[in-house]
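The following features are taken from TrEMBL:
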type   : residues : note
REPEAT : 15-56    : repeat 'WD'
REPEAT : 57-88    : repeat 'WD'
REPEAT : 99-140   : repeat 'WD'
REPEAT : 141-182  : repeat 'WD'
REPEAT : 183-224  : repeat 'WD'
REPEAT : 225-266  : repeat 'WD'
REPEAT : 267-299  : repeat 'WD'
Amino acid sequence: MAAPCSEDPSLERHFKGHRDAVTCVDFSVNMKQLASGSMDSCLMIWHMKPQSRAYRFTGHKDAITCVNFSPSGHLLASGSRDKTVRIWVPNVKGESTMFRAHSATVRSVHFCSDGQSLVTASDDKTVKVWSTHRQRFLFSLNQHINWVRCAKFSPDGRLIVSASDDKTVKLWDKTSRECVYSYCEHGSFVTYVDFHPSGTCIAAAGMDNTVKVWDVRTHRLLQHYQLHSAAVNALSFHPSGNYLITASSDSTLKILDLMEGRLLYTLHGHQGPATTVAFSRTGEYFASGGSDEQVMVWKSNFDNVDYGEVIKVQRPPATLATSTGNLPEVDFPIPPGKGRSLESVQSQPQESISMPQTLTSTLEHIVSQLDVLTQTVSILEQRLTLTEDKLKQCLENQQLIMQRATP
(Lines of atoms letter the chains of each structure in order from A and count residues from 1; the text may use other names and numbers.)
(Lines give C-alpha, C1' and ligand atoms only; values in the text may rest on other atoms or scores of the structure.)
Protein backbone atom coordinates (compact mmCIF):
# COMPACT_ATOMS: atom_id res chain seq x y z
CA MET A 1 0.00 0.00 0.00
CA ALA A 2 1.33 3.42 -0.96
CA ALA A 3 2.31 5.81 1.78
CA PRO A 4 -0.17 8.63 2.31
CA CYS A 5 0.79 12.06 1.00
CA SER A 6 1.69 14.50 3.76
CA GLU A 7 0.84 17.62 1.74
CA ASP A 8 -0.61 18.53 -1.62
CA PRO A 9 1.80 19.29 -4.49
CA SER A 10 2.61 23.01 -4.64
CA LEU A 11 3.77 25.33 -7.41
CA GLU A 12 7.25 26.52 -6.40
CA ARG A 13 8.51 28.53 -9.38
CA HIS A 14 7.69 29.36 -12.95
CA PHE A 15 10.16 30.34 -15.64
CA LYS A 16 9.41 32.71 -18.52
CA GLY A 17 11.79 33.08 -21.44
CA HIS A 18 10.51 30.97 -24.31
CA ARG A 19 8.75 32.76 -27.16
CA ASP A 20 6.57 29.83 -28.25
CA ALA A 21 5.09 26.61 -26.86
CA VAL A 22 7.33 24.58 -24.54
CA THR A 23 7.70 21.03 -25.89
CA CYS A 24 10.01 19.24 -23.43
CA VAL A 25 11.65 19.45 -19.98
CA ASP A 26 14.29 17.45 -18.08
CA PHE A 27 16.12 17.85 -14.76
CA SER A 28 19.86 17.30 -14.33
CA VAL A 29 20.84 14.54 -11.92
CA ASN A 30 21.94 16.97 -9.19
CA MET A 31 18.77 19.08 -9.53
CA LYS A 32 20.86 22.22 -10.16
CA GLN A 33 19.63 22.65 -13.73
CA LEU A 34 16.38 22.24 -15.63
CA ALA A 35 16.45 22.10 -19.44
CA SER A 36 13.52 23.02 -21.67
CA GLY A 37 12.99 23.05 -25.41
CA SER A 38 10.47 25.02 -27.41
CA MET A 39 8.85 25.64 -30.77
CA ASP A 40 10.94 28.86 -30.74
CA SER A 41 14.04 26.72 -31.64
CA CYS A 42 15.80 27.68 -28.40
CA LEU A 43 17.09 25.47 -25.63
CA MET A 44 16.90 27.05 -22.17
CA ILE A 45 18.91 25.96 -19.12
CA TRP A 46 17.21 27.22 -15.98
CA HIS A 47 19.11 27.28 -12.70
CA MET A 48 17.22 26.07 -9.66
CA LYS A 49 19.26 28.39 -7.44
CA PRO A 50 17.24 31.61 -6.99
CA GLN A 51 18.39 34.77 -8.79
CA SER A 52 20.61 32.80 -11.18
CA ARG A 53 20.55 33.74 -14.85
CA ALA A 54 19.30 31.20 -17.38
CA TYR A 55 21.33 30.10 -20.41
CA ARG A 56 19.73 30.40 -23.84
CA PHE A 57 21.32 28.07 -26.39
CA THR A 58 20.76 28.60 -30.10
CA GLY A 59 21.87 26.27 -32.86
CA HIS A 60 18.84 24.34 -34.02
CA LYS A 61 17.23 25.75 -37.16
CA ASP A 62 13.68 24.70 -36.26
CA ALA A 63 11.52 23.72 -33.26
CA ILE A 64 13.15 21.68 -30.49
CA THR A 65 11.03 18.63 -29.72
CA CYS A 66 13.00 16.76 -27.01
CA VAL A 67 15.76 17.13 -24.40
CA ASN A 68 17.55 14.69 -22.09
CA PHE A 69 20.46 15.05 -19.66
CA SER A 70 23.10 12.31 -19.62
CA PRO A 71 23.26 10.19 -16.42
CA SER A 72 26.28 12.20 -15.24
CA GLY A 73 24.50 15.49 -15.96
CA HIS A 74 27.52 16.82 -17.86
CA LEU A 75 25.99 16.41 -21.32
CA LEU A 76 22.59 17.35 -22.71
CA ALA A 77 20.99 15.98 -25.89
CA SER A 78 18.33 17.77 -27.91
CA GLY A 79 16.38 16.79 -31.00
CA SER A 80 14.64 19.05 -33.50
CA ARG A 81 12.33 19.43 -36.42
CA ASP A 82 15.50 20.36 -38.37
CA LYS A 83 16.25 16.57 -38.41
CA THR A 84 19.35 16.92 -36.25
CA VAL A 85 20.48 15.99 -32.75
CA ARG A 86 22.82 18.23 -30.77
CA ILE A 87 24.95 17.20 -27.80
CA TRP A 88 25.60 20.19 -25.55
CA VAL A 89 27.94 20.87 -22.64
CA PRO A 90 25.41 22.71 -20.42
CA ASN A 91 27.62 25.55 -19.20
CA VAL A 92 27.81 29.26 -19.99
CA LYS A 93 29.67 28.65 -23.31
CA GLY A 94 26.90 26.41 -24.64
CA GLU A 95 29.17 24.49 -27.04
CA SER A 96 27.65 21.62 -28.97
CA THR A 97 28.23 19.03 -31.66
CA MET A 98 25.54 18.39 -34.24
CA PHE A 99 24.73 15.36 -36.33
CA ARG A 100 22.04 14.67 -38.94
CA ALA A 101 20.20 11.86 -37.15
CA HIS A 102 17.15 11.29 -39.34
CA SER A 103 15.52 12.21 -42.64
CA ALA A 104 12.56 13.84 -40.85
CA THR A 105 11.72 15.51 -37.50
CA VAL A 106 13.51 14.02 -34.48
CA ARG A 107 10.81 13.46 -31.84
CA SER A 108 12.75 11.83 -28.98
CA VAL A 109 16.26 11.52 -27.51
CA HIS A 110 17.22 9.39 -24.51
CA PHE A 111 20.56 8.38 -22.96
CA CYS A 112 21.15 4.81 -21.81
CA SER A 113 21.75 4.45 -18.05
CA ASP A 114 25.47 3.80 -18.66
CA GLY A 115 25.74 7.03 -20.67
CA GLN A 116 27.41 5.20 -23.55
CA SER A 117 24.55 5.20 -26.06
CA LEU A 118 21.66 7.36 -27.20
CA VAL A 119 18.33 6.33 -28.75
CA THR A 120 16.41 8.62 -31.11
CA ALA A 121 12.96 8.40 -32.70
CA SER A 122 11.66 10.21 -35.75
CA ASP A 123 8.88 10.99 -38.18
CA ASP A 124 10.90 8.96 -40.71
CA LYS A 125 9.33 5.90 -38.92
CA THR A 126 12.65 4.69 -37.48
CA VAL A 127 14.27 4.30 -34.08
CA LYS A 128 18.07 4.67 -34.14
CA VAL A 129 20.78 3.91 -31.60
CA TRP A 130 24.04 5.90 -31.52
CA SER A 131 27.24 5.87 -29.49
CA THR A 132 27.28 8.96 -27.26
CA HIS A 133 30.94 9.74 -27.91
CA ARG A 134 31.59 10.83 -31.50
CA GLN A 135 27.89 10.14 -32.22
CA ARG A 136 28.58 7.03 -34.30
CA PHE A 137 25.50 5.34 -35.78
CA LEU A 138 25.09 1.81 -34.38
CA PHE A 139 21.81 0.39 -35.69
CA SER A 140 18.23 1.14 -36.67
CA LEU A 141 14.88 -0.42 -35.68
CA ASN A 142 12.45 -0.27 -38.59
CA GLN A 143 9.11 -2.02 -37.98
CA HIS A 144 6.88 1.00 -37.29
CA ILE A 145 4.70 2.07 -40.21
CA ASN A 146 4.06 5.67 -39.11
CA TRP A 147 5.83 8.46 -37.19
CA VAL A 148 7.65 7.34 -34.04
CA ARG A 149 6.91 9.81 -31.24
CA CYS A 150 9.06 8.43 -28.43
CA ALA A 151 11.76 5.84 -27.64
CA LYS A 152 13.32 4.99 -24.27
CA PHE A 153 15.92 2.58 -22.87
CA SER A 154 14.96 0.31 -19.99
CA PRO A 155 16.71 1.07 -16.66
CA ASP A 156 19.18 -1.79 -17.25
CA GLY A 157 19.75 -0.78 -20.89
CA ARG A 158 18.75 -4.19 -22.29
CA LEU A 159 15.42 -3.18 -23.81
CA ILE A 160 14.07 -0.27 -25.84
CA VAL A 161 10.42 0.75 -25.99
CA SER A 162 8.94 2.94 -28.73
CA ALA A 163 5.57 4.63 -29.32
CA SER A 164 4.15 5.48 -32.71
CA ASP A 165 1.35 7.05 -34.71
CA ASP A 166 0.71 3.53 -36.06
CA LYS A 167 -1.17 3.07 -32.72
CA THR A 168 1.38 0.56 -31.39
CA VAL A 169 3.95 0.42 -28.62
CA LYS A 170 6.87 -1.84 -29.54
CA LEU A 171 9.33 -3.53 -27.19
CA TRP A 172 12.80 -4.24 -28.62
CA ASP A 173 15.76 -6.33 -27.46
CA LYS A 174 18.84 -4.08 -27.75
CA THR A 175 21.27 -6.98 -28.27
CA SER A 176 19.33 -9.00 -30.89
CA ARG A 177 17.72 -5.84 -32.35
CA GLU A 178 14.48 -7.79 -32.65
CA CYS A 179 10.97 -6.61 -31.82
CA VAL A 180 9.99 -8.66 -28.76
CA TYR A 181 6.34 -7.61 -28.64
CA SER A 182 3.84 -5.12 -30.07
CA TYR A 183 1.15 -3.67 -27.80
CA CYS A 184 -1.89 -2.73 -29.89
CA GLU A 185 -4.54 -1.66 -27.35
CA HIS A 186 -4.43 2.10 -28.09
CA GLY A 187 -7.24 3.44 -30.26
CA SER A 188 -5.21 6.31 -31.72
CA PHE A 189 -1.68 7.72 -32.01
CA VAL A 190 0.59 6.83 -29.07
CA THR A 191 2.31 10.03 -27.95
CA TYR A 192 4.65 8.93 -25.16
CA VAL A 193 6.04 5.85 -23.43
CA ASP A 194 8.42 5.14 -20.55
CA PHE A 195 9.68 2.33 -18.31
CA HIS A 196 8.70 1.94 -14.67
CA PRO A 197 11.85 2.43 -12.50
CA SER A 198 11.85 -1.33 -11.77
CA GLY A 199 12.05 -2.08 -15.51
CA THR A 200 9.22 -4.61 -15.18
CA CYS A 201 6.49 -2.60 -16.85
CA ILE A 202 5.84 0.33 -19.20
CA ALA A 203 3.29 3.14 -19.33
CA ALA A 204 2.07 4.74 -22.56
CA ALA A 205 -0.01 7.84 -23.27
CA GLY A 206 -2.24 8.36 -26.27
CA MET A 207 -4.29 10.73 -28.38
CA ASP A 208 -7.28 8.60 -27.32
CA ASN A 209 -7.06 10.38 -23.91
CA THR A 210 -5.85 7.21 -22.15
CA VAL A 211 -2.85 5.95 -20.20
CA LYS A 212 -2.09 2.22 -20.21
CA VAL A 213 0.36 0.17 -18.13
CA TRP A 214 1.69 -3.21 -19.30
CA ASP A 215 3.93 -5.89 -17.78
CA VAL A 216 6.91 -6.31 -20.14
CA ARG A 217 7.43 -9.95 -19.09
CA THR A 218 3.90 -11.31 -19.50
CA HIS A 219 2.73 -8.47 -21.84
CA ARG A 220 -0.50 -8.24 -19.84
CA LEU A 221 -2.39 -4.96 -19.65
CA LEU A 222 -2.18 -4.13 -15.94
CA GLN A 223 -3.90 -0.76 -15.70
CA HIS A 224 -5.99 1.46 -17.95
CA TYR A 225 -6.80 5.07 -17.08
CA GLN A 226 -9.23 7.34 -18.92
CA LEU A 227 -9.14 10.45 -16.78
CA HIS A 228 -8.28 13.25 -19.21
CA SER A 229 -10.76 14.92 -21.55
CA ALA A 230 -8.18 15.43 -24.32
CA ALA A 231 -4.96 13.87 -25.63
CA VAL A 232 -2.33 12.82 -23.08
CA ASN A 233 0.96 14.31 -24.30
CA ALA A 234 3.52 13.07 -21.76
CA LEU A 235 3.98 11.10 -18.56
CA SER A 236 6.65 10.48 -15.93
CA PHE A 237 7.12 7.85 -13.22
CA HIS A 238 8.03 8.94 -9.70
CA PRO A 239 11.41 7.30 -8.81
CA SER A 240 9.71 5.25 -6.06
CA GLY A 241 7.56 3.64 -8.76
CA ASN A 242 4.40 4.33 -6.75
CA TYR A 243 3.13 7.33 -8.71
CA LEU A 244 2.69 8.44 -12.31
CA ILE A 245 2.13 12.00 -13.52
CA THR A 246 0.50 12.89 -16.85
CA ALA A 247 0.23 16.08 -18.95
CA SER A 248 -2.72 16.65 -21.25
CA SER A 249 -4.13 18.96 -23.90
CA ASP A 250 -7.05 19.50 -21.49
CA SER A 251 -4.54 21.85 -19.71
CA THR A 252 -4.23 19.67 -16.58
CA LEU A 253 -1.59 17.54 -14.91
CA LYS A 254 -2.83 14.44 -13.07
CA ILE A 255 -1.02 12.40 -10.44
CA LEU A 256 -2.00 8.72 -10.24
CA ASP A 257 -1.41 6.37 -7.32
CA LEU A 258 -0.33 3.15 -9.06
CA MET A 259 -0.50 1.08 -5.91
CA GLU A 260 -4.14 1.93 -5.29
CA GLY A 261 -5.05 2.39 -8.94
CA ARG A 262 -6.65 5.78 -8.41
CA LEU A 263 -6.40 9.47 -9.21
CA LEU A 264 -4.71 11.48 -6.45
CA TYR A 265 -4.51 15.03 -7.81
CA THR A 266 -5.58 17.15 -10.74
CA LEU A 267 -3.37 20.23 -11.09
CA HIS A 268 -4.41 23.38 -12.97
CA GLY A 269 -1.55 25.71 -13.83
CA HIS A 270 -1.17 26.03 -17.58
CA GLN A 271 -3.35 28.16 -19.82
CA GLY A 272 -3.91 25.84 -22.76
CA PRO A 273 -2.44 22.38 -23.43
CA ALA A 274 0.11 20.96 -20.97
CA THR A 275 2.65 19.49 -23.37
CA THR A 276 5.34 17.96 -21.17
CA VAL A 277 6.06 16.81 -17.61
CA ALA A 278 9.00 15.18 -15.80
CA PHE A 279 9.91 14.24 -12.22
CA SER A 280 13.33 15.16 -10.85
CA ARG A 281 15.71 12.25 -10.16
CA THR A 282 14.74 12.19 -6.46
CA GLY A 283 11.05 12.80 -7.05
CA GLU A 284 11.10 15.83 -4.77
CA TYR A 285 10.08 18.09 -7.66
CA PHE A 286 8.46 17.82 -11.06
CA ALA A 287 8.45 20.27 -13.96
CA SER A 288 5.83 20.92 -16.61
CA GLY A 289 5.64 22.93 -19.81
CA GLY A 290 2.80 24.13 -21.98
CA SER A 291 1.63 25.96 -25.05
CA ASP A 292 1.44 29.06 -22.80
CA GLU A 293 5.28 29.29 -23.17
CA GLN A 294 5.78 28.70 -19.45
CA VAL A 295 7.91 26.20 -17.54
CA MET A 296 6.58 25.45 -14.07
CA VAL A 297 8.37 23.72 -11.19
CA TRP A 298 6.22 21.98 -8.58
CA LYS A 299 7.12 20.44 -5.22
CA SER A 300 5.78 16.89 -4.95
CA ASN A 301 5.47 16.80 -1.13
CA PHE A 302 5.35 12.99 -1.10
CA ASP A 303 7.59 9.93 -1.13
CA ASN A 304 11.05 11.45 -1.62
CA VAL A 305 13.76 8.86 -2.24
CA ASP A 306 17.51 8.97 -1.73
CA TYR A 307 18.80 9.04 -5.31
CA GLY A 308 22.27 8.20 -4.03
CA GLU A 309 20.86 4.85 -2.97
CA VAL A 310 18.89 4.37 -6.18
CA ILE A 311 21.97 4.64 -8.42
CA LYS A 312 23.83 2.05 -6.35
CA VAL A 313 21.28 -0.68 -7.10
CA GLN A 314 22.75 -3.50 -9.19
CA ARG A 315 19.49 -4.41 -10.90
CA PRO A 316 15.97 -3.01 -10.77
CA PRO A 317 13.57 -5.10 -8.65
CA ALA A 318 11.79 -7.60 -10.88
CA THR A 319 8.58 -8.46 -9.06
CA LEU A 320 4.98 -7.32 -9.23
CA ALA A 321 2.47 -7.61 -6.41
CA THR A 322 -1.13 -8.45 -7.25
CA SER A 323 -4.16 -6.88 -5.67
CA THR A 324 -7.67 -7.64 -6.85
CA GLY A 325 -10.61 -5.33 -6.47
CA ASN A 326 -13.36 -3.54 -8.31
CA LEU A 327 -12.28 -0.33 -9.99
CA PRO A 328 -14.54 2.74 -10.07
CA GLU A 329 -16.01 2.66 -13.55
CA VAL A 330 -16.03 6.45 -13.91
CA ASP A 331 -12.30 6.70 -13.29
CA PHE A 332 -10.83 3.52 -14.72
CA PRO A 333 -12.93 1.97 -17.51
CA ILE A 334 -11.44 -1.36 -18.58
CA PRO A 335 -11.59 -2.15 -22.32
CA PRO A 336 -14.19 -4.76 -23.39
CA GLY A 337 -12.92 -8.28 -22.92
CA LYS A 338 -10.54 -7.27 -20.13
CA GLY A 339 -10.99 -8.48 -16.58
CA ARG A 340 -11.84 -6.04 -13.81
CA SER A 341 -8.89 -7.11 -11.67
CA LEU A 342 -6.05 -4.68 -11.02
CA GLU A 343 -2.45 -5.74 -10.84
CA SER A 344 -0.34 -3.13 -9.08
CA VAL A 345 3.34 -2.37 -9.26
CA GLN A 346 5.31 -2.71 -6.04
CA SER A 347 9.03 -2.17 -5.59
CA GLN A 348 10.91 -4.69 -3.46
CA PRO A 349 13.73 -3.82 -1.02
CA GLN A 350 16.82 -2.93 -3.02
CA GLU A 351 20.29 -4.28 -2.39
CA SER A 352 23.04 -1.72 -2.60
CA ILE A 353 26.68 -2.25 -3.41
CA SER A 354 28.92 -1.45 -0.48
CA MET A 355 31.51 1.06 -1.66
CA PRO A 356 33.33 3.83 0.21
CA GLN A 357 31.65 7.19 -0.43
CA THR A 358 34.95 8.92 -1.29
CA LEU A 359 35.80 6.28 -3.92
CA THR A 360 32.29 6.53 -5.43
CA SER A 361 32.53 10.32 -5.62
CA THR A 362 36.01 10.15 -7.20
CA LEU A 363 34.87 7.63 -9.85
CA GLU A 364 31.77 9.69 -10.66
CA HIS A 365 33.96 12.80 -11.03
CA ILE A 366 36.38 10.97 -13.37
CA VAL A 367 33.52 9.67 -15.53
CA SER A 368 31.92 13.12 -15.76
CA GLN A 369 35.24 14.73 -16.74
CA LEU A 370 35.74 12.07 -19.43
CA ASP A 371 32.28 12.95 -20.78
CA VAL A 372 33.19 16.62 -21.06
CA LEU A 373 36.68 15.95 -22.50
CA THR A 374 35.32 13.57 -25.13
CA GLN A 375 32.64 16.08 -26.08
CA THR A 376 35.28 18.84 -26.33
CA VAL A 377 37.33 16.63 -28.68
CA SER A 378 34.20 16.06 -30.79
CA ILE A 379 33.58 19.83 -30.96
CA LEU A 380 37.23 20.45 -32.01
CA GLU A 381 37.03 17.69 -34.64
CA GLN A 382 33.88 19.24 -36.06
CA ARG A 383 35.54 22.68 -36.21
CA LEU A 384 38.65 21.17 -37.86
CA THR A 385 36.48 19.53 -40.51
CA LEU A 386 34.79 22.89 -41.21
CA THR A 387 38.21 24.59 -41.46
CA GLU A 388 39.47 21.90 -43.88
CA ASP A 389 36.35 22.35 -46.03
CA LYS A 390 36.89 26.12 -46.14
CA LEU A 391 40.57 25.67 -47.10
CA LYS A 392 39.62 23.29 -49.91
CA GLN A 393 37.07 25.80 -51.17
CA CYS A 394 39.66 28.60 -51.07
CA LEU A 395 42.17 26.48 -53.04
CA GLU A 396 39.53 25.59 -55.61
CA ASN A 397 38.59 29.26 -55.98
CA GLN A 398 42.28 30.21 -56.38
CA GLN A 399 42.75 27.58 -59.09
CA LEU A 400 39.69 28.90 -60.96
CA ILE A 401 41.05 32.46 -60.77
CA MET A 402 44.47 31.32 -62.05
CA GLN A 403 42.86 29.38 -64.92
CA ARG A 404 40.84 32.42 -65.96
CA ALA A 405 43.95 34.65 -65.71
CA THR A 406 45.99 32.33 -67.96
CA PRO A 407 45.79 33.56 -71.64
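Any Cβ shown, glycine's included, is placed from N, Cα and C.
What you see is a predicted model, and the numbers here were worked out from it, not measured in a lab.
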Ranking 15-56, 57-88, 183-224, 225-266, 267-299 by Cβ pairs under 8 Å to the repeat 'WD' (99-140), which is first?
57-88
Residues in the repeat 'WD' (225-266) grouped by DSSP into helix, strand and remaining coil:
0 helix, 24 strand, 18 coil
So if I exclude everything within five residues of the ends of the repeat 'WD' (267-299), which remaining residues of that chain have a CB under 8 angstroms from its CBs? That is, six or more out.
9-16, 18-27, 29, 31, 34, 36, 38, 44, 46, 48, 230, 233-240, 243, 245-255, 305-307, 310
